[in-house]
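Report on the structure given below.
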Amino acid sequence: MTTQPIYLDYAATTPVDARVAAKMIPYLTELFGNPASRSHAYGWAAEEAVEIAREQVAALVGADPKEIVWTSGATESNNLAIKGAARFHAGRGKHLITPRTEHKSVLDTCRELEREGFEVTYLDVESDGLIDLDKLTAAIRPDTILISTMLVNNEIGVIQDVAAIGALCRARGIIYHVDAAQAAGKVEIDLSATPIDLLSLSAHKTYGPKGIGALYVRRKPRVRLEALIHGGGHERGLRSGTLPTHQIVGMGEAYALARGSMSTENERIRWLRDRLWAGLSAMEEVYLNGNIDARVPHNLNVSFNYVEGESLLMGIKQLAVSSGSACTSASLEPSYVLRALGRSDELAHSSIRFSIGRFTTQAEVDTTIALVTEAVAKLRELSPLWEMVREGIDLESIQWASH
Amino acid sequence: MAYSEKVIEHYENPRNVGSFGKEDEDVGTGMVGAPACGDVMRLQIKVSADGIIEDAKFKTYGCGSAIASSSLVTEWVKGKTLSEALDIKNTEIAEELALPPVKIHCSILAEDAIKAAVADYRAKHGSTTETETAICAPVAP
């Protein structure tokens, strides 16, 4: 292969913007000081860079820089927020609520807390991926201490109404954590006006480097956490460890760029996404997963009925996309997110996530439509399910020899 | 996932794709797997009067390894007697296609498809053999 595949997996990670990389490099070579070194100019320069980045990150989400804690990424932020808050407030209650469609770094953190004696309600979502506020309210118990939801879902891109959920939590004294890894730079976040207590951020989903993220920890009213990593007392004791100055500078610059270009970039990306959907939905039996309106412009999660996702990926090797079907792992389980939407096994097994980004072009979208259309047609010719459906056989009526 | 060259070759040029008439007297049809597992294979054999499989066709819904396994099996059963076809083992299929451990179930499914097709043919002709149902439980690597 001499040509690179077309990259349509921006929800997995993004390239570091060249402007971001350029800002980072001096902090690896010349300005290499430890930001915690108070006794010389190397340290002062590094500390200054870290604080500028902190302001840049805070500015994108409408926070005070003092509310930003550096972490290694959104997974760590989610761990720190959920474990840190639950353990600190264990005396008040033992109950947490989170939707079934959360990222594994939230779900597995909750599982760990269950092993420690906490109780977790895994909330069902509606068929469009959104949380029903009445059902959430009904799940709240007197001993509920924390609710954690995503702002934007990583697989289906739907946007939860965090303002409404936050208001609900605030009225009951429940801590509200939001995983915004997929949201930063894609949807407006104004923490000065939204009752969110903890918010996880990542750099590498927003054209920054991997290995750096942040947790927003509200100061008014103050949210208290127990640290996970102990040591030199960095980040006001919430996260010890020498700060990676170059990574932090990269995150700050990436967030500053996102703040400047968000509205025009979203408009362009939405146009590309709509073009892609128009092209793909010209085929029969193609379904969009997740709500179309409450959705980031970057995401298109599509099920191509009667075609298995992994074989489809194999047929579109010139495209870098993700399959909702995890057949590549030993589990053979289709996406738990799509299952939580109540999608049939066939549809869950046949899903592909296309995520568009800053460097996607119209020509790439058009090539994608052509490649996918051809591969789906070929695989349907191979599919006994497609043949049966064409003959008018109801697949539900068949006794499948399954486990 | 990196596929072996043979899997890719069968995926790109699947052999003997298609269908025979299910009700035809000389055809045996085996359909194994389930949509819930992400794998459904349908293998059909056309058997001559003297008991030789003279043609075979398949259609498969499933991953590349499942498609390759069933494509390969259509080649292998041709020219064999029914009992010779039943001797094809999943391990031979897995070896030929260099399937990784997580894809062994695809070769097991293909072996089951042969058994099911032969059983269907024999049932049409008045003799029965025991059939085992397909597996789709994950195979531990």
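Glycine too: its Cβ is placed from the backbone N, Cα and C atoms.
Remember, TrEMBL labels are computer predictions, not curated facts.
Sequence annotations record features per position, and here TrEMBL assigns domain 'Aminotransferase class V' to A:6-366.
Under DSSP, A:Thr75 (pyridoxal 5'-phosphate binding site) is assigned to a helix (H, G or I) in the three-state scheme. Annotated pyridoxal 5'-phosphate binding site per TrEMBL: A:Ala74, A:Thr75, A:Asn154, A:Gln182, A:Ser202, A:Ala203, A:His204, A:Thr242, in sequence order.
A coil conformation is recorded for A:Lys205 (N6-(pyridoxal phosphate)lysine) in the three-state DSSP classification, outside any helix or strand. Per TrEMBL, the feature N6-(pyridoxal phosphate)lysine maps to A:Lys205.
Taken from TrEMBL, the feature [2Fe-2S] cluster binding site applies to A:Cys327.
The feature active site, cysteine persulfide intermediate is assigned by TrEMBL to A:Cys327.
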Are there any residues at least 6 positions away along the chain from A:Ala203 (pyridoxal 5'-phosphate binding site) with a Cβ closer than 8 Å to its Cβ? List them or say none.
A:Gly73, A:Pro209, A:Lys210, A:Ile212, A:Gly213, A:Gln247, A:Gly250, A:Met251, A:Ala254, A:Tyr255
For A:Ala74 (pyridoxal 5'-phosphate binding site), nearby residues of its own chain (Cβ under 8 Å, 6 or more apart in sequence)
A:His103, A:Ser105, A:Asp179, A:Ala181, A:Ser200, A:Leu201, A:Ser202, A:Lys205, A:Gly213
Cβ neighbour count within 10 Å, max among the binding-site residues A:Thr75, A:Asn154, A:Ser202, A:Thr242, goes to A:Ser202
Of A:His204, A:Lys205 (the recorded positions), the residue whose Cβ has the fewest other Cβ atoms within 10 Å
A:His204
Model confidence for the domain 'Aminotransferase class V' (A:6-366), as mean pLDDT, reads 95
Can you tell me how spread out the pyridoxal 5'-phosphate site is, meaning the largest CA to CA distance among A:Ala74, A:Thr75, A:Asn154, A:Gln182, A:Ser202, A:Ala203, A:His204, A:Thr242, in Å?
30
